[in-house]
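Asker: Got these off TrEMBL a minute ago, pasting:
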type	residues	note
TRANSMEM	28-51	transmembrane segment
TRANSMEM	357-381	transmembrane segment
DOMAIN	361-484	domain 'SSD'
TRANSMEM	387-408	transmembrane segment
TRANSMEM	434-456	transmembrane segment
TRANSMEM	462-484	transmembrane segment
TRANSMEM	776-794	transmembrane segment
DOMAIN	796-919	domain 'SSD'
TRANSMEM	801-821	transmembrane segment
TRANSMEM	827-847	transmembrane segment
TRANSMEM	868-885	transmembrane segment
TRANSMEM	891-922	transmembrane segment
Amino acid sequence: MVRVSSVTSSTSTKHKWYHWYADFVFSYPWTVLLITLWTFLILPLTLLYLFPLRLDSNPEKGFNTRGTVYSTPRIGWSQLQPYLLKGSRVMVETRRTKRGWADDLLSSLGSIACYEQPIPAMDYLSQVIVSVPSFDWIFSQPFLSEMCSFHDKIRPSLQVFDAITPHRNIWHVANYLACLSPEPQINCTYIKSEDMIKVKSLVKFCAEYRSEIVDCRRECLERVRQNQIEQQPLLAVKCRECDPAMVPSNCSTQMMFDLFYRILPKDLTSRPFYINSFLPVYTYTSYQLQGFPVKLSDFVNLQNALKNISSEQYVIKGTLLDVKRDLLLNEAIADSQYTLLAGTLVIALVVLYTRSLTYCIACIIQLMASVLSSAIIYRIFSVEFPLMNLIVFVLLISIGSDGAFLLFSSFPDTVDTLNVDTFRECLHHTASTMFLTQFSTVVPFFLNIFSAVLAFRCFGLFSGFTLIINYVMLISFLPVVLILQRRLIDPIANKFIRPWKFIFYRIEDFTSDKSKYLLSTLLPSIVLKGRYLWLISLFNLTATCGYISITGLHLPQYNPLQLFVASDPNEFYDNNAERLFEFIEQKIALPLTIRLVFGISVQDKSSFFDSHEISLLSTDKDFELSTVDDIRGLAAFLLRLRTLYFIQHEHKFWPERFLDWSQRIPCEAGDICCNVNNQFYSDRYLDHCMRVSTSQLLTNYNDTPLYHNHTFEFVGYTALLPTKLKYSHRFANLSRAFDLLDHSINRKGMWYTPEWGLMSTWFDLQRSIIADSTQSVVISILVVLLFAASILRLRAICAMISIVCIVICSSGTLVMMGWEVGMLESVILVLAVSLSFDYTLHYGAALPSSRLCPDDRIRTAIERSTKPVSMAALSSALAGLALLSSNTHAFYQVAIFLLVSTGFSFLFATFFFLPLLSLFLIKNDGQQCEMCRIKQNAVQLRESYLKPVIR
């Protein structure tokens, strides 16, 4: 992207400091060259070698909040929980000796795919989604044969899990249809084509009772899950038969339920038709949580095997192995090659534009120095380098090369024209123009530093300093390179290319004539003669995109953490499984259990940028249990919570049980009395009585007093409060749940947080995205308006209308392309405001004085700025196109944004802003337009020469 403007330089005396700087650079180029190279390249490179940054492989790290009402309790509980949970994790030994016939018997039994009772924890098995043309396709013999060989194709990748999984079969649709056939079959190997006609008829018949089948078996499924939580044997669950009046007997089996609930999609008429399958292996995360030392490489090999088994009968579309977080780092590093390709294309464009290899190398050094210097500044604040910061390289390639184009286009062409005055004018032109355009982008970057999200803070810090240092190098390093090139390199180069100069001159004359005709005649006519058509058409486009943005722009509904492109099998499953299959919604809807903590305060001493530095815990002086009234007040508070309509918890907590226990304790005169209702009781006995009660009353992780590790004094209390609320990825649902909790749980000296911290993290993250994005967009618009007013004066009104239209059309187009406002997208959309400002500023600043008529002023602006603006759009488009092959979500989304934003910025700046501006420019009726007078004199002169010839 090139930002070139025709802002005229000023040589007034108030710029003495600037003149001194320009004279110093002009007079001592070698000194400036060495200083800049040492300061921004050699020194940062040395320091980074000694104090390297650590690229964080965990994409979730940094995507948590700090300084919010939900982050402090969440961090406090993460500090307190390990002390209550020590020793609960057991590593499982998986190596054992093969036991001959027993293993053979297990393998033979495992080949039986049919079952009558629910499979334990089936939802947490690895899964595969395949695509076929239609519902009828699944009953065809070629498809069934292909699906039946599915296991054989991936058997080598599954065998490594035999020691840690009890299952030996893949539950895919072919096995289900075989088990539902009229003649009993143990798996799809023995399936018969004539049986499929009857099975197809049965499935279609039972599909009419689908909702009744699911409702009937759902109760049994809930009891199975509860038994798993309570570690009860599966045999303890007795699933009742479905009501024959509601569900026919041949449709009420467990396999028929799972077929509709887990295997087939909700819409049986959909095309293409997606089918789910369950592998005999649990997911990578499931094994890790249970303490099984599984290898990531085994799951990667399994995923690669799944990708390669698509056939003419089916296509593998999605997989659930829970490995995408662990694969991101390697994929991001692999996609960095496309960043290098983008840089190569932009640098090649610089070479073609400048025809200078020396200047091209200087531009590469400038970009490298910008990154290295900002990295060492970032290293002062944090050693962790989030993966999100990698997109700064892409933005720098697109944005950072702009000033290089501008400087070269305004720099004196030869050593003869290079002097102090011309250098002052060039440097002032470059510095002033790029200050406005570049710092309008720096402002939204630095606004992210004040975000509640750590990853946004790190991104804002790194990207902001990157652009600032890029600007410093632009007005120091690149000018001295051009000075030395004009003085030393150009005279030598001219001697070698002199024999071929006439070729370059002919090519330059040809391109100059064509571009002059395009910029002076054709494009101005298109813009001015069709101004009303352009304005009406683009206004309608803006209105349409605005409607799409308002109705379609929302937070992620199904996949809150997308790491790869939507076509990636991991992301396809996460994006579509909940829409396709019934069981996913219930799997995600985990109970929103609440952790209550009394007497512990969280001191926020964490680092502003480093996620490893955490808060400290201390005692809360507002909480006391020194009197029986304190105990009764706490018990009454817990009783009120237990009886809330969205909780309805039957079991009493320890303070309530302590009061009941104390009433049963006999007391005698002269002894310590723990009966709070007895006349011999005194509050000085309370601490002793509470300690005695813990030896007689059951206290555990979910309901226990808290004692100090060193002094052993009573400091607090914690309890787990079950609720009927359910977790959801949708922000609206979570927001209602947390609002309900906030209004219901409010007591001095205590705080609450969800037991599973990720629930609070996602909700708080989404709240912060909404708040931070809104604030950043508003401030960015105000900054752009301020910059536009400083340059364009009253023309800034037309410029702001154009910029708002660009932002609306860009967001509307991105929404139509499936964008949701996730973590990355919220940052990118904020940048749309500042990046939409550049091309409009170029045209507005290139507008000549009012001595010309409005049409000629527009023509002059087009002649001056269309060429650099076109180069700007081309460089951004090249950078975006190079990244379209990326597999990681961040690089791909940046590529899409660059293409969309660049297209609309060029379209509206050229064909909307200029026509709109032509309608509001004031006509100078008191004085004839200079250009019109020149044209009129030329016509009169031409006529005077033609009259004698005609006679």
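Cβ coordinates are placed from backbone N, Cα and C, and glycine is handled just like the others.
Unlike curated records, TrEMBL annotations are generated automatically.
Source: prediction; values computed, not measured.
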Asker: Would you say the transmembrane segment (801-821) and the transmembrane segment (868-885) are touching, if the rule is that at least three C-beta pairs must lie under 8 angstroms and be 6 or more residues apart?
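Answerer: Per Cβ check, the transmembrane segment (868-885) does not touch the transmembrane segment (801-821).
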Asker: Along the domain 'SSD' (796-919), what average pLDDT does this model show?
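Answerer: That stretch averages a pLDDT of 84.
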Asker: Residue list, the transmembrane segment (434-456) vs rest of chain: Cβ under 8 Å, 6 or more residues beyond ends.
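Answerer: Same-chain residues near the transmembrane segment (434-456) but 6 or more away: 3, 5, 62-68, 71, 386, 388, 399, 402-403, 406, 463-464, 467-468, 470-471, 474-475, 609, 611, 764-765, 768-769, 771-772, 775-776, 779-780, 783-784, 787, 790-791, 823, 827, 830-831, 833-835, 837-838, 841.
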Asker: Check the transmembrane segment (776-794) against each of 387-408, 462-484, 801-821, 827-847, 891-922 and return whichever range has the most CB pairs under 8 Å.
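Answerer: Comparing 387-408, 462-484, 801-821, 827-847, 891-922 against the transmembrane segment (776-794), the winner is 827-847.
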Asker: Where DSSP helix means H, G or I and strand means E or B, what are the helix, strand and coil counts for the domain 'SSD' (361-484)?
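Answerer: Per-class counts: 104 helix, 3 strand, 17 coil.
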Asker: Against which stretches of its own chain does the transmembrane segment (891-922) lie, if we need a Cβ under 8 Å and a gap of at least six residues from its ends?
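Answerer: Distant contacts of the transmembrane segment (891-922): 1, 332, 335, 338-339, 390-391, 394-395, 398, 523, 526-528, 530-532, 534-535, 538, 565, 795, 797-799, 801-802, 805-806, 809-810, 813-814, 817, 819, 824-825, 828, 831-832, 835-836, 838-840, 842-844, 847, 850, 854-855, 857-858, 861-862, 866, 869-870, 872-873, 876-877, 879-884.
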Asker: Counting only residues 6 or more past its boundaries, what in the same chain has a CB within less than 8 Å of a CB in the transmembrane segment (387-408)?
Answerer: 1-5, 55-57, 59, 62, 328-329, 332, 336, 339, 342-343, 346-347, 350, 353-354, 356, 359, 363, 366-367, 370-371, 378, 426, 429-430, 433-434, 437-438, 441, 455, 458-459, 462-463, 466-467, 470-471, 474, 478-479, 482, 823-824, 827, 831, 835, 838, 868, 871-872, 875-876, 879-880, 883, 890-891, 894-895, 898
Asker: Could you pull out which residues elsewhere in the chain have a CB under 8 Å from any CB of the transmembrane segment (357-381), counting only those six or more residues past its ends?
Answerer: 36-37, 39-41, 43-45, 47-48, 51, 53, 343, 347, 350-351, 389, 392-393, 396-397, 400-401, 404, 408, 458, 461-463, 465-470, 473-474, 477-478, 481-482, 485, 489, 607-610
Asker: Mind checking which residues reach the transmembrane segment (801-821)? Cβ under 8 Å, same chain, six or more beyond either end.
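Answerer: Long-range Cβ neighbours of the transmembrane segment (801-821): 538-539, 541-542, 544-549, 552-557, 566, 769, 773, 781, 784, 788, 829, 832-833, 836-837, 840, 893, 896-897, 900-901, 904-905, 908-909, 912-913, 916.
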Asker: Per DSSP, what is the residue count of the domain 'SSD' (796-919) in each of helix, strand and coil?
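Answerer: The domain 'SSD' (796-919) comes out at 102 helix, 1 strand, 21 coil.
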